[in-house]
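Q: Below you will find the structure I want to go over with you.
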Amino acid sequence: MSEDEAAQAPGPSLSEQDQQSAVQRVAALPLIRATCTAVSEAYSAAKDRHPLLGSACRLAEHCVCDLTTRALDHAQPLLSHLQPQLATVNDLACRGLDKLEEKLPFLQQPSETVVTSAKGVVASSVTGMVGLARQGRRWSVELKRSVSHAMDVVLEKSEELVDHFLPMTEEELAALAAEAEGPEVGSVEEQRKHQGYFVRLGSLSTRLRHLAYEHSLGKLRQKKHHAQDTLAQLQETLELIHRMQCGVTPITPARPGKVHELWEDWSQRPLENGRRRHSQAELETLVLSRNLMRELQSTVDALETSVRGLPPSAQEKVAEVRRSVDALQAAFADARRFGDLPAAVLAEGRGSMARAHACVDELLELVVQAMPLPWLVGPFAPILVERPEPPPDLEALVDEVIGGPDPRWAHLDWPAQQRAWQAQHGEGTVLSGNIPEEEPEPPSRPKHTLMPELDF
């Protein structure tokens, strides 16, 4: 065809130019063109390497071309009818392509440039991640060193506190001395330094539980001895009253108590009008008996609180002691002389005191043989009771924190405070009418608030 004929030949319509322009723009994108070229080269190379595959591919190409031609022939009337809609879609596609090229500039760049940029970004990211990993490793090493030092300090301080507040028992000291006699045995501190944290923590926990258990048993034994001493004095008082009612001279025991001392002091007093006043001695004896009962009742209260988490059998032992004390206290409440106490009441009281003495022995034996108890080996809060309001005697229970001891004896320890109180109140005053004033109650021992279940 000559140039004139080509110039006179009818050209494509505007919509066809727009449609061809949209398709051409998509196909002309460097990234799309490079991808299509790579796929075409791989397809051609595969056909050349495998003759059978090449024949099959050429047959498939021929079939696809025929099908496409026939489909276009049948769809041509429909495409001509939808020409305005296709033009609109083509226009929208061109606008979307413009926006896409603005947002993704690399679509207009050659594939080599895109790959090079991607490699640079990946390399920069990897370098940054490697730097962060190295920095994190340095931080982890520093953190590990700090945690290691902190754990050493905490464990050393914990061991010092345990040694201070719960010192070693005689058995542990003997075992430590036996180990020290062996060859090349380091000190306890040196051995602790060579142990791991979990080993030291486990041994500290086991030792703390053992020492707390021994400390609690020691407190319970002290309460047991105190209760049995008070029970023995009450038993002695009941026996003396019984003998006096029968007209028998009391026998002084090997270890005379307060009642026998009172009667000996009374017997050495000068006569009044040729006789001694028995009523005065009887009244003082009854007052002393009531004081012993109140002291025993406070001891039973402490025992009852300490066995709250024990099995019912142990709680029943303390309850039996309380019933005996309450019954005896009710019998002595209105007595003004020995004649007000029936012989049956005295006999029953002596029997109940003997049973209470046995119950206290059985209680300690039950605690020692039955178990290490949860409230002894930890946790150190066996029973938490929610109360709607603070108890009325809260200040007395936490006097070590919010109350404080008597300011006169604040600088003294507990045994010295007891001696000071006894020196001040050793001689009770006598009221008018020959009725002695009741002896003021001695100061109670401050109760610790950090581990109250260890104070029975």
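All residue numbers here begin at 1 and follow the chain in the order shown.
Every residue gets a Cβ built from N, Cα and C, even glycine.
Keep in mind that this is a model prediction, so the values were computed, not measured.
Swiss-Prot feature annotations, pasted as is:
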- 1-173: region 'Essential for lipid droplet targeting' (REGION)
- 1-20: region 'Disordered' (REGION)
- 1-108: region 'Interaction with LIPE' (REGION)
- S2: phosphoserine (MOD_RES)
- S148: phosphoserine (MOD_RES)
- 185-456: region 'Interaction with PNPLA2 and ABHD5' (REGION)
- S324: phosphoserine (MOD_RES)
- 420-456: region 'Disordered' (REGION)
- 438-456: region 'Recruits mitochondria at the lipid droplet surface' (REGION)
Q: Using a 10 Å radius around its CB, how many other CB atoms surround S148 (phosphoserine)?
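A: If we count other Cβ atoms within 10 Å of S148 (phosphoserine), we arrive at 11.
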Q: In sequence order, what residues of the same chain, 6+ apart, have a Cβ less than 8 Å from the Cβ of S324 (phosphoserine)?
A: S352, M353, R355, A356
Q: In this predicted model, what is the average pLDDT of the region 'Interaction with LIPE' (1-108)?
A: 73
